[in-house]
Amino acid sequence: MKKKIAVIPGDGIGPEVMKQTLRILCFIEEKFHHEFEMEECFAGGVAIDKEGTPLPDHTLKTCENADAILLGAVGGPKWDHLEGTDRPERALLTIRKELGFFANLRPAMLFPAMKDACPLKPSLIEKGLDLMVVRELTGGIYFGEQKTFTDKAGKKSAYDTMFYHEDEIRRIVRIAFEIASKRKRKLLSVDKANVLESSRLWRKTIIQEAKNYPDICLEHMYIDNAAMQLIRDPNQFDVIVTGNMFGDILSDEASMITGSIGLLPSASLDADQKGMYEPIHGSAPDIAGQNKANPLAMILSAAMMFKNSFDLTREADMIESAVEKVLDEGYRTADIYSENTVMLTTEEMGQQVLDTMKKM
Ligand SMILES: NC(=O)C1=CN([C@@H]2O[C@H](COP(=O)(O)OP(=O)(O)OC[C@H]3O[C@@H](n4cnc5c(N)ncnc54)[C@H](O)[C@@H]3O)[C@@H](O)[C@H]2O)C=CC1
Ligand SMILES: CC(C)CC(=O)C(=O)O
Ligand SMILES: [Mg+2]
């Protein structure tokens, strides 16, 4: 199979975790006789430094022309003084919006070997954890009107707007219902409908849409309670659908139940399953450049690319099984290290996954 893949390493640990992922892609390409035309491009802080803008036109064009996009992470303290549209994060938001990647799938799975790394009581995760957060990605407060202004007294104010059109809600909740119908037929919609108008529209719309999915059990929860319930008893949930900001926050919280944010992949999809694949974490400036980052979230994001955009399940399964085996054998990066396990660097973890795949 011939595929064009746009590769955006980005900033901080982005290039470190991407390097390990590309080694695995090269192995898959050779083993299964695929042809991956990989084009590396700049976005984020590195693009600001090189070209004066977080998202150069040619990067966006490369993404548009690709069959899928892999992205490490963008941002960092070096660029934190910049204003909204000049910031590295703008690159990510613009790619998502311009390419219509409205459906962000963030699976939170606890690998059996990672139970000790979960900070919750063992009784809460006895049966493991297998959650799917479906996050709306191109609307809500990250894309509403925003402004900072100075009043007559010289005092500053700022606002952000949480805006949702019913069609935006409808298309993401449909994706969530479809996913729920292939799992436990349980869907939790998370909102703040006791306070926010946009949440009330969200709730009304999903209740209307539920009529088309009579075999799915739909429940609703406010975001504050959901954040608490996720820690109290994560296994009460199966598929969670929510807006952009609530999904961003809840998925970082869910990641910790699986041991580390360095383990969680994601897919950001359009209506035709074209997608951008990225770990849910950021550029982790506190550990960047130290060969300490966990590359498994990025590697598992590539597996999601094979499954969702290329329909290559054998290749995806191979990556996922290799990651599971490496963890079973006790190999860990610093974020998930505990006594009686073997601490590896980023490079060594990539090598370990690769060596395991070679033996499969
Ligand atoms: N998708 C993206 O490109 C995202 C970018 N960011 C940006 O990243 C920068 C840092 O943001 P933070 O809020 O600190 O979030 P972060 O996710 O980068 O880091 C949070 C904590 O998790 C740790 N961590 C993250 N990924 C890890 C990995 N693979 N292995 C081991 N430990 C890992 C970090 O060391 C840090 O202690 C900011 O500029 C932010 O805007 C944040 C989230 C997503
Ligand atoms: C960096 C932001 C644009 C978004 C974010 O934190 C995320 O998508 O996880
Ligand atoms: Mg986030």
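The backbone N, Cα and C atoms fix where each Cβ goes, and this holds for glycine too.
TrEMBL lists 76-89, 282-294 with the feature NAD(+) binding site. In the three-state DSSP scheme, LYS292 (NAD(+) binding site) falls into the coil class. Annotation for LYS292 (NAD(+) binding site): same-chain Cβ neighbours under 8 Å, separated by at least 6 residues, are THR333, ALA334, ASP335, THR345, THR346.
If you draw a 10 Å sphere around the CB of ASP224 (substrate binding site), it holds 13 other CB atoms from the protein chains shown. Feature annotation from TrEMBL assigns substrate binding site to ARG96, ARG106, ARG135, ASP224.
What TrEMBL records for ASP224, ASP248, ASP252 is Mg(2+) binding site.
TrEMBL lists 4-353 with the feature domain 'Isopropylmalate dehydrogenase-like'.
All protein chains shown were included, and the count of other CB atoms within 10 Å of the CB of TYR142 (site 'Important for catalysis') stands at 20. Taken from TrEMBL, the feature site 'Important for catalysis' covers TYR142 (among others).
Per TrEMBL, the feature site 'Important for catalysis' maps to LYS192 (among others). The C-beta environment of LYS192 (site 'Important for catalysis'), restricted to residues of the same chain at least 6 apart in sequence and closer than 8 Å, consists of SER199, TYR222, ILE223, ASP224, PHE246. LYS192 (site 'Important for catalysis') carries neither a helix nor a strand DSSP state and counts as coil.
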Next item on the list: Which residue among the binding-site residues ARG96, ARG106, ARG135 has the fewest other Cβ atoms within 10 Å of its Cβ, if you could check?
Entry: ARG96
Next item on the list: Run through the Cβ atoms and count how many others sit within 10 Å of the one on ASP248 (Mg(2+) binding site).
Entry: 19
Notebook entry, point to check: Tell me, by DSSP, whether ALA284 (NAD(+) binding site) is helix, strand or coil?
Noted result: coil
Check: So which of the binding-site residues is most packed in, judged by how many other Cβ atoms lie within 10 Å of its Cβ, out of GLY76, GLY84, PRO88?
Finding: PRO88
Next item on the list: Could you tell me which of these binding-site residues, ALA284, ALA288, has the greatest number of Cβ atoms within 10 Å of its own Cβ?
Entry: ALA284
Check: Which binding-site residues, if any, among PRO88, ASP248, ASP252, ALA284 have a Cβ under 6 Å from ligand 2, given in order along the chain?
Finding: ASP248
Next item on the list: Enter the number of other CB atoms within 10 angstroms of the CB of ASP80 (NAD(+) binding site).
Entry: 11
